[in-house]
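Q: Below: one structure in structure tokens.
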Ligand code: GLU
């Protein structure tokens with residue numbers, strides 16, 4: 001059996017789109033599931049799109065997500081170089097072979113002529129090169145080459161008949177050859193087009209399974225014609241469905257959620273993002289949804305990839321991220337959360353205690369500051385918050401609770417969670433009321449918020465004695481004013 005070899009072939013355009021990362025993941029999983037090789041190839045032949053620093057983003061993302069490549073520009077391998085711009089002589093050599101076979105030809109048409117052809121076609125999609133230069137004689141071609149005229153090399157596609165190709169996800173697809181444009185293989189700057197380079201490289205690098213976005217489906221017949229022209233084996237094609245923002249719009253660069261870096265910056269965990277992305281267009285065939293990379297390697301069967309577009313569901317991603325956060329060791333959560341604490345808390349508090357309260361409540365790390373601002377400073381709040389039907393509290397009994405509580409609090413020592421709890425519960429017994437009548441007003445006075453991570457004991461414990469007394473006094477003042 002031939003060893004499975006797949007490649008992730010990003011163009012260095014400056015960021016890792018969720019769609020690209022999914023392609024990388026599926027490509028990796030297909031190789032590793034079969035015990036094969038995962039190769040990284042950089043497709044940088046479109047020099048205009050090249051963005052400084054883009055390579056680092058690619059390497060860093062693969063490293064962060066654990067998609068470790070077996071061969072690539074940084075680690076080498078037997079079929080390098082792995083950067084297309086370093087392979088230009090290879091492409092030219094193969095393009096010339098096609099010319100010799102009559103499968104490709106030089107084209108000297110000027111930009112103006114091509115623009116006119118384009119303008120005369122009904123839509124830009126209908127545009128097809130008219131094979132003008134195919135009819136040049138050998139002598140004419142040689143003359144033009146000798147005179148240094150700029151040229152491109154085009155594929156020579158038949159005008160009749162049908163080309164069929166097979167995709168593992170989309171099945172057999174037939175295209176009339178009359179629809180196939182004589183696409184450019186080598187550009188006037190000497191660089192190959194993606195359309196040509198991908199075929200040459202996939203063959204020379206021994207790629208057995210080509211995984212990429214469905215936007216390349218319509219070009220696949222032209223790639224097949226190239227493989228056939230060279231007499232090369234066609235790889236297995238696995239085109240992945242598009243990722244949509246909603247039923248009508250593709251996930252796009254402009255939408256802030258579209259890149260891996262954006263998601264990490266927003267406080268998603270890389271493991272959760274990877275897990276979620278795995279499910280965008282694939283399912284394991286059962287209800288299980290939480291998978292680490294190892295489990296994905298074991299489970300992933302590309303035959304279960306869907307044809308239909310996948311919707312990027314932020315709510316689901318949030319939920320999944322929350323599940324991953326819950327499973328973190330407390331110390332790890334604490335260190336991930338710390339920068340977010342620092343955004344709103346400049347006091348020195350016992351952050352580990354805050355982490356204990358928060359870990360089960362946070363879905364995305366960037367939500368943290370909103371949960372915590374009251375630890376830094378008591379917000380201005382309305383006394384309406386003391387009135388709670390279920391807790392059976394009103395302005396009068398709340399005032400009574402706080403007034404009775406204050407001297408106990410002032411006398412409390414040492415300041416520990418257990419002592420604070422005992423102090424509150426003693427008051428419950430003393431007043432012979434339900435817990436809520438004591439705990440609701442205290443928590444409200446301590447936080448000024450309707451809902452908080454943790455209750456009265458935890459908050460008092462974290463903010464400390466002095467601050468707790470200060471806040472209870474503010475509560476008493478507010479309620480006295482109301483009750484007058
Ligand atoms: N360089 C192409 C891209 O970044 C990759 C297409 C492919 O995987 O064949 O979209």
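Using the three backbone atoms N, Cα and C, a Cβ is placed for every residue, glycine included.
If you look up TrEMBL, you'll see 107, 109, 133, 135 marked as Zn(2+) binding site. According to TrEMBL, the ATP binding site annotation covers 253. What TrEMBL records for 3-319 is domain 'Glutamyl/glutaminyl-tRNA synthetase class Ib catalytic'. According to TrEMBL, the domain 'Aminoacyl-tRNA synthetase class I anticodon-binding' annotation covers 336-476. Taken from TrEMBL, the feature motif ''HIGH' region' applies to 10-20. The annotation motif ''KMSKS' region' is assigned in TrEMBL to 250-254.
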Q: Fewest other Cβ atoms within 10 Å: which of the binding-site residues 107, 109, 133, 135 wins that one? Let me know.
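A: Sparsest of the binding-site residues 107, 109, 133, 135 by Cβ contacts within 10 Å: 135.
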Q: Count the residues of the domain 'Aminoacyl-tRNA synthetase class I anticodon-binding' (336-476) that DSSP assigns to helix (H, G, I), to strand (E, B) and to coil, and report the three numbers in that order.
A: 98 helix, 2 strand, 41 coil
Q: What other residues of this chain sit with their CB within 8 A of the center of the CB atoms of 107, 109, 133, 135, the recorded Zn(2+) site?
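A: The surrounding set, listed in chain order, is 105, 106, 108, 129, 131, 132, 134, 136, 154.
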